[in-house]
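What Swiss-Prot lists as repeat 'WD 1' is 8-47. The repeat 'WD 2' annotation in Swiss-Prot covers 50-91. Look at Swiss-Prot and you will find 144-183 tagged as repeat 'WD 3'. Residues or ranges marked as repeat 'WD 4' by Swiss-Prot: 186-225. Taken from Swiss-Prot, the feature phosphothreonine covers Thr219. Annotated N6-acetyllysine per Swiss-Prot: Lys264, in sequence order, evidence recorded as similarity to another entry. Swiss-Prot lists Lys282 with the feature ubiquitin cross-link. Positions annotated as repeat 'WD 5' by Swiss-Prot: 283-324. As annotated by Swiss-Prot, phosphotyrosine applies to Tyr308.
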Amino acid sequence: MKPILLQGHERSITQIKYNREGDLLFTVAKDPIVNVWYSVNGERLGTYMGHTGAVWCVDADWDTKHVLTGSADNSCRLWDCETGKQLALLKTNSAVRTCGFDFGGSIIMFSTDKQMGYQCFVSFFDLRDPSQIDNNEPYMKIPCNDSKITSAVWGPLGECIIAGHESGELNQYSAKSGEVLVNVKEHSRQINDIQLSRDMTMFVTASKDNTAKLFDSTTLEHQKTFRTERPVNSAALSPNYDHVVLGGGQEAMDVTTTSTRIGKFEARFFHLAFEEEFGRVKGHFGLINSVAFHPDGKSYSSGGEDGYVRIHYFDPQYFEFEFEA
């Protein structure tokens, strides 16, 4: 399984994301550059230039017309995917940590950090109403008083958002009223990543408490746990098989205070039902910050602390693999 190596960032990768069809791969890092690549051969299509700080999150809408990015330069920006033109600039008081389009692509949400005396907020904008964008006035703003949101995704049918917090809590917020619909706390430390399954019925969380967990996306009922020895930064569900891939590792600054060695975190594959690890893929130098499955399930990508993105196409053996319980 020889990976395709994508070199387009000078700093560590923060998030990678495929569009719905999977022909494009968007990558963002702790530099101001947003890159888009052809996922089939790793050719760089272009960059979205405009941010002036680290970019924390990226999302593409249903038909890949628009791209949304959130950055530490205290802004969330909307781009034309094809031309790279900046369509909207939404200023915030603190860094934008998560962002996303709803199912129809007409409503965007993003969350800001709790920093410099400012509160953590989730803001909702309707792109069909230009006045909201022009006046930078969201139709709804949800304050998060306790612990800041570290990862958030839209729930099924765009009725709610599922947010993971620094404290390990999971909340489901209504996209209409802003109230908390469900609240659970299954993780003991920060939730780094949330990714939905293809049919949006379940999602996987990756946490600093060395586990990834599977939840029902409507009830937030905890289903499965995947345990590792190091903090998990990202987890993704296969669209075809009952497989989940985990990426993570020990942060360099934590290495001396713990008994684990630096790096030493390959991409790890677990069986979804049996919670058993069945494979590992080496490659990155240092930890893995983001993983994503291609929507056809035939390849996956990982972005690391080393600033590289690797696209791995699975060998035929992967598709013939039968898990014996």
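Any Cβ shown, glycine's included, is placed from N, Cα and C.
Recorded features from Swiss-Prot, shown on the structure.
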| residue | record | Cβ contacts under 8 Å, 6 or more apart |
| --- | --- | --- |
| Thr219 | phosphothreonine | Val182 |
| Lys282 | ubiquitin cross-link | Glu266 |
| Tyr308 | phosphotyrosine | Leu5, Leu6, Gln7, His9, Ile13, His284 |
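In this chain, the repeat 'WD 5' (283-324) touches the repeat 'WD 1' (8-47); three or more CB pairs sit within less than 8 A of each other, excluding pairs fewer than 6 residues apart. Outside the repeat 'WD 4' (186-225) by six or more residues, the chain places 150-153, 155-157, 162-170, 172, 231-237, 239, 244, 246-248, 270, 272-273, 275, 290, 292, 295 with a CB less than 8 A from a CB of the stretch.
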